[in-house]
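In what follows, a structure is listed as structure tokens, so that the remarks can point back to it.
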């Protein structure tokens, strides 16, 4: 599984290395936004910040050029349109702060609001053996039921960026197993970043790293998941 996973990444990088990002291959334009963007490959990256060719349009905020296709991550991405039907520059204009360029995250910690605009959330105990996962570092304090589709998480494409110096976990994907029960704040995820959301998120009482250190969680190896 690991070999096919890495080969798909290498092949994708090779396909876009020449001429990037002055012109983007039409196949990449089609994959990155399935509907809505009508810019030609030559104009596709207008309004982005080109700094590194491993990212779409050279902009880390848009995620990696090549999305995962191997199991299990390929299954999580099967319906994913990273730009929600927009062109890259339009997507960034919609979802980032004009002054800082950073993403604007949803209110209510990302929980779906009810009709009174209050977050739909409640306490839930995660039992021993439960698997949860996360696209992000161990500094964060939100996880989801393991293997939920990416579109249900309403995350920005940058959460798929593999951190520099951490090739062991491509696409910043981590799976954890509960070793000791603990209480989380559970609820449905609100739509954001052009994604429908409606998956489940768990707000943990401390960071994932702290839960690992306290032996509430253990991280699975890629062979285990």
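One is the number of the first residue shown, and numbering goes on along the chain from there.
From the backbone N, Cα and C atoms, a Cβ is placed for every residue, glycine too.
Features reported for this protein in TrEMBL:
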- 125-219: domain 'TNT' (DOMAIN)
- 1-19: signal peptide (SIGNAL)
Key: Per-region confidence, the domain 'TNT' (125-219) (mean pLDDT, whole number)   = 97
Query = Can you count helix, strand and coil residues in the domain 'TNT' (125-219) using DSSP?
reply = 17 helix, 34 strand, 44 coil
